[in-house]
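**Q** Got a structure here, written out as structure tokens. Questions coming.
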Amino acid sequence: MKVSLPAFEKARVLVVGDVMLDRYWVGPTGRISPEAPVPVVKINQVEDRPGGAANVALNIATLGGQVQLAGLVGQDDTAHALTLGVQTLGVEPQWLTIADKPTITKLRVLSRNQQLIRLDFEEAFDKADSVRLLKQSEALLDSVDVVVLSDYAKGAIDQPRDFIALARAKGVMVLVDPKGSDFGRYQGASLITPNMSEFEAVVGTVTSEADLLEKARGLLKQHHFDAILVTRSEKGMTLVTTNAPELHIPTVAREVYDVTGAGDTVISALATSLAAGADLPQACAIANTAAGVVVGKLGTSTVSRIELIEALALHHGESGFGVVSEDQLAYALEQAKLRGERVVMTNGCFDILHAGHVSYLKQAKALGDRLIVAVNDDASVKRLKGDGRPVNQVDRRMAVLAGLASVDWVVPFSEDTPQRIITRLLPNLLVKGGDYKLEDIAGGAEVIAAGGQVQVLGFEDGISTTAIIQNIMANQ
């Protein structure tokens with residue numbers, strides 16, 4: 001399957017569920033306690049990370065999506081720490097504070113990358129608290145495209161069927177990370193994502209692939225789900241829908257250090273991808289890749305867009321580079337600059353790619369870390385070059401350019417000049433081939449005003465698209 005990332009910044013997601021704080025005490029251990037046969041850990045690091053539904057929201061925000069988070073918290077310092085943790089990445093918390101209950105906290109003691117013990121601080125919330133939370137969340141449905149219900153069976157999501165029905169009536173997809181043996185609580189959901197243990201807790205032991213598919217289809221029919229994605233650890237994922245053949249996606253995890261939060265990563269990547277316009281098989285492939293990244297980290301963690309791009313390049317032959325939309329490129333360029341990479345940009349028709357082009361693009365790439373090539377679409381080439389041009393359609397021209405080792409991104413534009421797209425992207429260095437004066441280069445003034453540079457490179461003499469066309473015509 002060819003996998004490419006959608007424009008995650010367009011995703012608008014609401015996460016409702018059991019929020020918690022994952023607290024880590026970390027330090028070395030070198031002796032056994034004289035009081036009991038247990039290791040003594042000398043704590044030298046304390047770290048708080050949002051967990052549960054809050055980790056789902058952070059994953060969405062890290063990918064670039066817009067996310068609101070609704071959950072139950074206590075009136076305590078832990079709630080304050082949780083609020084700070086999610087706001088750091090731009091998540092909008094919509095808490096319902098329950099004064100007589102603590103904010104759920106999971107304290108883990110780690111040494112040498114191994115978890116020694118976990119201590120839970122929590123009390124079950126009342127059913128009335130869940131009713132109030134879901135009612136409060138209804139007001140947020142008009143501002144989102146996808147809702148995630150992140151259920152850890154702590155009381156935030158007790159009976160969500162009416163909430164699901166209302167969301168679906170408004171055209172909002174509802175994804176559920178389920179818990180417990182009664183999937184009927186989530187009736188009408190767009191998609192549920194049980195792991196294999198959760199799935200078998202509802203349908204019984206799965207004896208074969210055919211048995212899994214039969215039982216999954218039974219759940220679809222019984223509870224009016226549109227789809228079920230069963231996550232299966234080392235066996236990957238299986239997607240079963242009401243209107244298409246099943247889809248098996250093999251795991252891409254190379255090393256597994258910690259499965260904490262892997263389910264959160266799956267549903268967050270699904271939600272962000274679907275809200276950004278990806279179809280369901282694409283979203284599942286992206287989620288599977290994201291899960292493969294996060295299990296290679298220790299503790300509750302998120303996956304960045306850049307990590308996802310690199311993993312897709314490794315496992316799918318798709319890097320998030322190559323031919324991209326303008327929106328995708330704007331995001332990728334922002335991330336490249338954050339990594340300290342120097343981005344070079346050039347433009348042209350590149351109708352018949354020749355040795356002069358290849359040499360020029362190689363020179364341009366040598367001036368930085370990344371090279372963008374903006375390509376005139378077919379209509380603009382015809383306006384600039386006349387009838388009979390372009391010889392090659394824009395998708396073919398871009399595909400050839402994307403195949404060059406020197407080129408990182410190829411993006412089309414429809415205007416006669418690249419002024420608008422250059423002004424939007426503002427590379428570190430804008431280059432142009434030929435005998436241009438710097439002041440005549442489209443977008444040059446804007447790049448310089450933003451702190452960038454403009455440079456003119458020479459073309460190889462005697463090589464041009466026009467000359468090639470004339471030579472072909474003369475030899476017919």
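The backbone N, Cα and C atoms fix where each Cβ goes, glycine too.
Below are the features I grabbed from Swiss-Prot:
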- Asp264: active site (ACT_SITE)
- Asn195, Met196, Ser197, Glu198: ATP binding site (BINDING)
- 1-319: region 'Ribokinase' (REGION)
- 345-476: region 'Cytidylyltransferase' (REGION)
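Tell me about the setting of these features in this model.
**A** In the three-state DSSP scheme, Asp264 (active site) falls into the helix class.
Sequence-distant contacts (6 or more apart, same chain, Cβ under 8 Å) of Asn195 (ATP binding site) comprise Val230, Thr231, Arg232, Ser233, Gly263.
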**Q** Whose Cβ, among the recorded positions Glu198, Asp264, has more other Cβ atoms within 10 Å than any of the rest?
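**A** Buried the deepest by this measure is Asp264.
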**Q** Take the mean position of the Cβ atoms of Asn195, Met196, Ser197, Glu198, the recorded ATP site. Which other residues of that chain put their Cβ within 8 Å of it?
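**A** Residues close to the ATP site, other than Asn195, Met196, Ser197, Glu198: Pro194, Phe199, Glu200, Ala201, Val230, Thr231.
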**Q** Given Asp264 (active site) and Glu198 (ATP binding site), what distance in Å do their CA atoms have, once rounded to a whole number?
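**A** Spelling it out, the Cα of Asp264 (active site) and the Cα of Glu198 (ATP binding site) are 14 Å apart.
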**Q** My understanding is the cutoff is Cβ-Cβ under 8 Å with a sequence separation of 6 or more in the same chain; which residues meet that for Ser197 (ATP binding site)?
**A** none
**Q** Take the region 'Ribokinase' (1-319) and average the pLDDT across it for me.
**A** 90
**Q** What are the helix, strand and coil residue counts for the region 'Cytidylyltransferase' (345-476) according to DSSP?
**A** 54 helix, 26 strand, 52 coil
